[in-house]
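The structure under discussion appears below in the form of C-alpha cells.
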Amino acid sequence: LGKSQVITKTTPASQQGGYYCNVCDCVVKDSINFLDHINGKKHQRNLGMSMKIERSSLDQVKKRFEINKKKMEEKKKEYDFEERLKELKEEEEKQKAYKKEKRKERKRKAEPDDSEGPSDMAAVMGFSGFGGSKK
C-alpha cells in the first residue's frame, strides 16, 4: 500500500502487477481471469491432473445411487419426540444429582473437624463460633 514499482520487460513475472500463478509461471490481470486460469486445462495439466474422463456404465451409476441412498438412510435416524424428551430429562437429572453430590463433598472438606464441641476459650468469651455457616 502506498508503494510504486517500475515494471519493465526484464522484471520477473512474479513481481509484475496482477495475479501470479507459480505453477504455470504466468501473470493474470484480474481475479475473474485468474479463476478461469486455475480451472483451465493448462493449469490442471501442469498440476498433473489427467483431463480424461472415464465413461460410466448404467450398472455403475445404479450402484452409486444405492450407496448414496443407504448413507442418507443411516443419517436419518428417526427419534420419537416423547422418547427424546425423556432422554433429555434423565440427563438433566443426572447432572443435577452429580452437582449436588459435588457440592456436599466440598462442604464436607471445608468444615473443620470440631467434634469435641466449643472450646474452653469460646465458652469463656460467650460464643460458640464465628457465624460462618448457618445450621
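From the backbone N, Cα and C atoms, a Cβ is placed for every residue, glycine too.
Unlike curated records, TrEMBL annotations are generated automatically.
Record features (TrEMBL):
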- 83-98: compositional bias 'Basic and acidic residues' (COMPBIAS)
- 99-109: compositional bias 'Basic residues' (COMPBIAS)
- 16-50: domain 'U1-type' (DOMAIN)
- 83-135: region 'Disordered' (REGION)
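Secondary structure of the compositional bias 'Basic and acidic residues' (83-98), assigned with DSSP and counted as helix (H, G, I), strand (E, B) and coil, comes to 16 helix, 0 strand, 0 coil.
Counting residues of the compositional bias 'Basic residues' (99-109) by DSSP class, helix then strand then coil, yields 11 helix, 0 strand, 0 coil.
Sorting each residue of the domain 'U1-type' (16-50) by its DSSP state yields 15 helix, 6 strand, 14 coil.
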